[in-house]
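These notes are about the structure you will find just below.
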């Protein structure tokens, strides 16, 4: 009996998963708007989120282009700890990038005065390097140094993790950002500075039993969202997971069969490529078909550059259906029209990302809120199921 109990405990330990709660906060866009800075931000920063996916690197091992407007609408954030003892930071868990960086005490920029700062001298496990990091944000750069330390993620102690410590951060806009830094969860092939991404380091150390992680984004205004490392929790979805092969290993890129409304193709009629990206809030696609979708749902641009929609349209508009690997994934109007403080905006955004296989679509939080998503590195596939 004791042996059976021991075997049961061993089996249970092999299935342990680690959850990082995500909190939903005001986006950077809303913070800037409330402080009367949104128009100035949009004027100074070129609205080109596409450069996130095709960085122009001056030195491939050191520099990455990462336009700040990618994170303008992100609302989901989690807490990690870096160092011994741990220093806490609020980060975006971003499947559309691969690096980890946080502000540091070496940063004198205005943005750093309003965020948590990592102090290497307060960590007994910090190891310095001679490496540097520079990430371009529109009109300025986040520059910093690279170091190694222990990162605490949802109960996991990720030792010897390389990360960036910012020394300068661009403009006054980041002062209002609801996050301190970024934790990238894409493939190592797109990591700047040759840095090993956090999840890869966790897996290489045998800290999780399965080479995958999963994401649930709640529509609730405050809590319930989670990133799960090393496993899948079926309580977050209904039915069974449908698996989609990763078509290009870099971002979490998959093939989409078609996008339809009322049974008619409105985009991607002959198939297209898409990236599943927790670090992009909206659902983006090529400017021409997105313009047609905006017209179909009655969206028009306001003075802040937002595509506004009548809130009453939510009850009458049809679903927009994404067919992926032969399975239909409908988005109801309550998902693709975003309601906030009595006004409504479109969850779609035009963005041209040309590739050899055609223009890319980005399935951001608008899509992920509807579908529990598994990012399976072992089998290079994405799992999707309707949220519970």
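Counting starts with 1 at the first residue shown.
Using the three backbone atoms N, Cα and C, a Cβ is placed for every residue, glycine included.
Annotated active site per Swiss-Prot: 94 (among others), in sequence order. Here residue 94 (active site) comes close to 182, 183, 184, 185, 186, 277, 278, 279: these same-chain residues lie at least six apart in sequence, with C-beta atoms under 8 angstroms from its C-beta.
Per Swiss-Prot, active site is recorded for 277 (among others).
As annotated by Swiss-Prot, disulfide bond applies to 107-112 (among others). Long-range neighbours of residue 107 (disulfide bond) (same chain, six or more residues apart, CB within less than 8 Å of its CB): 117, 144, 166, 167, 168, 169.
Under the DSSP three-state reduction, residue 272 (disulfide bond) is assigned to strand. Residue environment of residue 272 (disulfide bond) contains 21 other Cβ atoms, counted within 10 Å of its Cβ in all protein chains. Summarising the annotation, Swiss-Prot assigns disulfide bond to 268-272 (among others) and lists similarity to another entry as the type of evidence.
Taken residue by residue with DSSP, residue 344 (disulfide bond) is part of a strand. Residues near residue 344 (disulfide bond) in space but far in sequence (CB under 8 A, at least 6 apart, same chain), listed by position: 308, 309, 310, 311, 313, 314, 337, 338. Taken from Swiss-Prot, the feature disulfide bond applies to 311-344 (among others).
Under the heading domain 'Peptidase A1', Swiss-Prot lists 76-385, citing sequence analysis as support.
The phosphoserine annotation in Swiss-Prot covers 130 and is backed by similarity to another entry. Contacts of residue 130 (phosphoserine) defined by a Cβ separation under 8 A and a same-chain sequence distance of 6+ are given as none. Residue 130 (phosphoserine) falls within a strand segment according to DSSP.
Swiss-Prot lists 1-15 with the feature signal peptide.
Following the DSSP three-state reduction, the secondary structure of residue 277 (active site) is coil. A gap of 40 Å separates the Cα atoms of residue 272 (disulfide bond) and residue 112 (disulfide bond).
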